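Participant: Next up is a structure, given as structure tokens.
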């Protein structure tokens, strides 16, 4: 007679377990749905921050579950699959940190650790203020706007400024490149009192190099002073 205990749940036990925890499961799934669907930097920074935390937790959770699967495999085939998936999860997680650290060294922005993208936009205003923003890819054109004295780019609130504060060049950094955008067009309203209420600027991609933002200086001042 075997001394091992059979821990397999039958159908009735599974149904009973679901009935006991269905409210928690519903609330948890609703929370994830709201976070993933409405978590955009252009909508709510609070929900977006929660979304980033959830995404950060997914890789360690995947690795932990993979390790458990390796320790308690259902069979030999399951063990091989668990090892492959766990190694893939570990390599992906390490690769994320390597790329994020490289990007952080280039632009010195905490947006570098955004798990949704691999690029950070940067605008150094002529008043010395540094504005960084999340961007999903490296576009050919960037169009920041000023509305009611507030600077927006890619739909994100950046800072309060005047049209004269926009620089000639802005940047989009990736782990291995610095993309330089040159101002090619600007519109600062009409001759009425709307001049300071609305302005739009067009920056076209000018060149690409491997420099860091620390090498950029405006008026003899370091970028981070």
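Cβ coordinates come from backbone N, Cα and C, glycine included.
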Participant: Go through the topological domain entries in Swiss-Prot and note whether residue 16 and residue 74 share a side of the membrane.
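Facilitator: In Swiss-Prot, residue 16 shares its side of the membrane with residue 74.
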Participant: In Swiss-Prot, one of 78-98, 99-119 is tagged transmembrane segment. Which stretch would that be?
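Facilitator: Among 78-98, 99-119, the range Swiss-Prot annotates as transmembrane segment is 78-98.
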Participant: What is the pLDDT of the topological domain 'Virion surface' (73-77) when averaged and given as a whole number?
Facilitator: 83
